[in-house]
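Features of the protein shown, as given by TrEMBL:
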type     : residues                        : note
BINDING  : 97, 98, 113, 115, 122, 123, 164 : FAD binding site
DOMAIN   : 43-147                          : domain 'FAD-binding FR-type'
TRANSMEM : 12-31                           : transmembrane segment
C-alpha cells in the first residue's frame, strides 16, 4: 500500500511537470505567433499615410507615418534603411534612401527626420507633403548587420543628415538592457542650427553617461562654443574614438567629401578595413 501511495505521488509530480512543460511550450508558441510581422516589402513599394509633420527648423522637419494597425511594426533591421519614392519639381520620379529614427519598439508608426535642400529633388517631394498624403516606401535595404555584443565599442563619424543611421543604431544599443556596447560619436555640421536630433542625442548622453559619449564639431561655431571647430581631424578621432582593436568598429556616414577624408584619417591612424564601415 505504501508502495502504491509512493507511486501515486511520483505519478502526480510527473503529470504536474508535464503540464507545466506543455503550458510553457504553448506560451512560447503563442508569443511567437503574436510577434508582429514587419510591414516592409523589399521588392515592391508600399504606401504609408503621413499623420504628422512637425517643422524643426527652417529646412528640417519630422514626418510621422502610420503603419497599417496600431500594433504593426515597420520591420527594419538595426542600421538598415528604406527607399522612398516621390516626384521632383518637374514631376519626374525620384527614389532616395532614408533611415527612420524610430525602432520596432515604436509600434504603429515610423518617423523620418528630413533635411530639405533648396535644389534637392526628393526634398521637393517632402516639402510639398501634407498630412493625409501617402509616401511610397520599399525595404529593407543596406549591408549593415548588427548583433548585440558583436563589438566592445563603436566609434561613429557623422556629418549632417548622416546622423540618422547612427542615431538608430545608438538607440537600439542603449535601450537594450542586455547590450553593453559603448558608443563614441563625433558629429560634424556647418553651423549650430544644422545639428539634427540634438535634443534626443543630448538626452541619450545624459541618461547613459557610462556608455554614450558625443562630441560636436562645427565649421562655423557660435561665439560661445565648447565643442570642436573646423573639420573632423585625426587628432579628434584619436581623442574621442576607441583606439584600433579587433573588437571595435568605426562607422561613418556623411557627405562624400567627408567620407573620403574620414577614410584617409582612419587608414593613417591604423584602423584596418575590417574595423571600418560606411553607410
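Each residue, glycine too, has its Cβ placed from N, Cα and C.
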Most distant Cα pair in Å, residues 97, 98, 113, 115, 122, 123, 164 binding FAD: 17
Which same-chain residues, if any, lie at least 6 apart from residue 97 (FAD binding site) yet have Cβ under 8 Å of it: 81, 82, 83, 84, 141
Summary of DSSP states over the domain 'FAD-binding FR-type' (43-147), given as helix, strand and coil counts: 8 helix, 48 strand, 49 coil
Packing count at residue 98 (FAD binding site) (other Cβ atoms within 10 Å of its Cβ): 21
Position of peak Cβ density within 10 Å, selected from the binding-site residues 123, 164: 164
